[in-house]
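K.L.:
TrEMBL lists these features:
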- 1-402: domain 'Major facilitator superfamily (MFS) profile' (DOMAIN)
- 166-189: region 'Disordered' (REGION)
- 38-56: transmembrane segment (TRANSMEM)
- 95-115: transmembrane segment (TRANSMEM)
- 135-157: transmembrane segment (TRANSMEM)
- 205-226: transmembrane segment (TRANSMEM)
- 267-289: transmembrane segment (TRANSMEM)
- 295-315: transmembrane segment (TRANSMEM)
- 382-400: transmembrane segment (TRANSMEM)
């Protein structure tokens, strides 16, 4: 293809790689020192990142701010660990759905807000003796929001990990009906610690493979709409925003109600199957642009709905499934020892490793997808991605038993 190879995905992949490295460590520290304390430390890192961003006047200083932010990224995984601490196995998926809904909503409103403030540069690049870049308004807004969030966490967030919290959660888990770690749907026998660890490993691999493909598709979608339909940023924003809105509505309705009936694993596999269909539609879409533009647009819209369903189901379901393997209310049927005593099943560490696998996929996926898109074109790229996602679905059926 004649276009030059875009490099805007490279900083993204670099940051994801840093998150891949630090996520397990952040989780382990939260197991040892408490969720709230470690979360506040990561928030301080995010504030420092925003401060550097405000004053960044070169690409190197901007990348420094992103590196600091990448190394400090722990709010999502710690939020998941906190919700896992305070929720029962029976309502784990419903609790974690709040994280997905928040992501979907912010996915809709965040970019437009950032674009709005970026279009209104500061009148002076020298304020209070500091040199600011002319597009520092989004960074200043981020700094204010992060500061307010940190103050809110200090005042309102209780500690969910520690002696007092464990005592309260132990009483809660004892009174709650037992739910097996292999998902919402009950089975006759709880899995052993060995099986839990094996399943966590398989779930981590699925997480890596899925996000490797899906994040690559996300990154190339705007390339596709620009190349085929000559869409501008506003039109692309509407498409991405619609995906976020549909995803939020599905998570708040369908996913929350149905997961308890069919299980987290089955719900995740449905999302992967939906992604396969969406990728097939994207692969055949270029063939109709010149002959039937209306049909091509309808195929794009249908693919967007498929991707929205995938976004609403897979990651949240896999995360809930992984957290159930670390449930502290059970005992190993082989040894009779409490599950929580096994170091590999400590929630912070286990969920940190699980999230780390996904971040690695997010680091590698866009690099491969963008290289394929600009070398072989969209049809080949999405067809191969559909085949890869189909293999992920088959692997889930065999290794994760869903």
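Going from the start of the chain as shown, residues are counted 1 onward.
The backbone N, Cα and C atoms fix where each Cβ goes, glycine too.
Predicted automatically and left uncurated, TrEMBL annotations should be read as such.
Quick caveat, the model's predicted, so the values are computed rather than measured.
On this model, are these features tucked inside or out on the surface, and what's nearby?
P.N.:
Per-residue confidence over the domain 'Major facilitator superfamily (MFS) profile' (1-402) averages out at a pLDDT of 85.
Nonlocal intrachain contacts for the transmembrane segment (38-56), taken as residues 6+ away from its ends with a CB within less than 8 angstroms of a stretch CB, comprise 26, 29-30, 62, 64-66, 68-69, 71-75, 78-79, 82, 130-133, 136, 139-140, 142-143, 146-147, 149-150, 153-154, 157.
With a cut-off of 8 Å between Cβ atoms, the residues of this chain six or more beyond the transmembrane segment (267-289) that come close are 93, 206, 210, 213-214, 217, 221, 224, 228-229, 255, 258-259, 295-296, 299-300, 302-307, 309-314, 317-318, 321, 377-379, 382-383, 385-386, 389-390, 392-393, 396-397, 402.
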K.L.:
For the transmembrane segment (95-115), what are the same-chain contacts with Cβ under 8 Å, counting residues 6+ beyond its ends?
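P.N.:
Distal contacts: 76, 79-80, 83-84, 86-87, 138, 141, 233, 237, 240-241, 243-245, 247-248, 251-252, 255-256, 311-312, 315-316, 319-320, 323.
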K.L.:
If you count every Cβ pair below 8 Å, which range out of 135-157, 295-315, 382-400 shares the most with the transmembrane segment (205-226)?
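P.N.:
Maximum Cβ contact count belongs to 382-400.
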K.L.:
What residues elsewhere in the chain lie close to the transmembrane segment (295-315), defined as a C-beta under 8 angstroms and at least 6 residues from its ends?
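P.N.:
For the transmembrane segment (295-315), the nonlocal Cβ contacts are 100, 104, 207, 210-211, 214, 217, 225, 228-229, 239, 242-244, 246-248, 250-251, 254-255, 267-268, 270-272, 274-275, 277-279, 281-282, 284-286, 288-289, 358.
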